[in-house]
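Single-structure report; data block below.
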Amino acid sequence: MPAPIRPLSRSRPASPTSPAALAAPVRGRLHRDAQSIAFSVAGAAHGHPVVVLHGGPGSGSHAGILRLFDLTRMRVVLVDQRGAGASAPRGGTRHNDTARLIDDLEAVRAQLGITRWGVVGGSWGAALALAYAGTHPARVTGVVLRGLFLTSRREVRRLFTTSRTRAPREWRRLYAAAGCSRPDRLLSCCARRLQPGAGAARQRAVALAWHAYENAVLASPNPRRSPADAIRSHKTVARLIDKYRIQAHYLRHDCWLGERRVLALARRAAQAGVPLFAAHGMHDPVCPAANVARLARAVPAAAIEHVSAGHLASDPALARSIARAVATMFGAAPLARPGPSRTS
């Protein structure tokens, strides 16, 4: 039986004119395959439904993404994929693959009584968005992508081998933490060291080194932190282990997609009349700008915007591009009023 959805707690009340005042955000859970899938809903109760797919894999949803949406016109659903975010078991790889994630999205849509919804995804979430739209095009009103990841071995090799020149010190620390003897086997070494039986110290070392390397490659800002921040950071180590265990699990299996299948599913969605928009940073160090060129060749009707930015959704130029695309594609009233949520 699906768990009932319940109001989100808020640290302070919303003002009468704020988007949050239009409809109290809610959290819900879906139980399938011994998994508990967490999701939350924000915005106008009868606004255009939009589901947001997080990246990683394994990163979990972040409420900050809601700033890109007009919550007076949209009903935004954030889904934590299996093992990620508030979903449980955290870091679990059993019964965790792309086909099941697609099935989970359909189950969440049905539980919320939504007939059709828009799909927004970044990085890995962009690949999942295309996979979902190509599998269930009749359920999708449009797709907005950021920093498209095509799930190719070329991209994974770029991250774990080629990109070490961007952050050589952090790469060497990750290589050492993973106990690896060959650079081309770094991902496999990390995956092995992140398994529950590998020992807490080894898991911690790999997760922290991977996180540092990832931040260095992405050139994430590293502001000076207070002691309270350090305590919070210490408490996030377990979540980093969970995140990277899932990420390694997916990347080792080409995310059960691969570039050809991602593009074939994008083509299938477009042929069914689903509009596609992709914004991509010209300086993206993880997912090359050539990815959207490949998408454009596969789907000539796709709208592509090259942005002077990197990979992260927090980049102001990328955020503006996505916000404009979301407003254009989903800002109007929905085609049909959504049905009531099913909570039992």
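Cβ coordinates come from backbone N, Cα and C, glycine included.
Because TrEMBL annotations are produced automatically, they should be read as predictions rather than curated entries.
On a predicted model such as this, the values are computed, not experimentally measured, just so you know.
If you take the C-beta of Ser123 (active site, nucleophile) and look for same-chain residues 6 or more apart in sequence within under 8 angstroms, you find Gly55, Gly56, Arg146, Gly147, Leu148, Phe149, Val286, Cys287, His311. Reduced to three states, the DSSP call for Ser123 (active site, nucleophile) is coil. Taken from TrEMBL, the feature active site, nucleophile covers Ser123.
Feature annotation from TrEMBL assigns active site to Asp284. Around Asp284 (active site), the same-chain residues at least 6 positions away in sequence with a Cβ under 8 Å from its Cβ are Gly147, Ala309, Gly310, His311.
Residues or ranges marked as active site, proton donor by TrEMBL: His311. Counted within 10 Å of its Cβ, the other Cβ atoms near His311 (active site, proton donor) come to 24, all protein chains included. Secondary structure from DSSP puts His311 (active site, proton donor) in coil.
Summarising the annotation, TrEMBL assigns compositional bias 'Low complexity' to 1-25.
The domain 'AB hydrolase-1' annotation in TrEMBL covers 49-313. Taking the domain 'AB hydrolase-1' (49-313) as a whole, pLDDT averages 94 in the prediction.
What TrEMBL records for 1-26 is region 'Disordered'.
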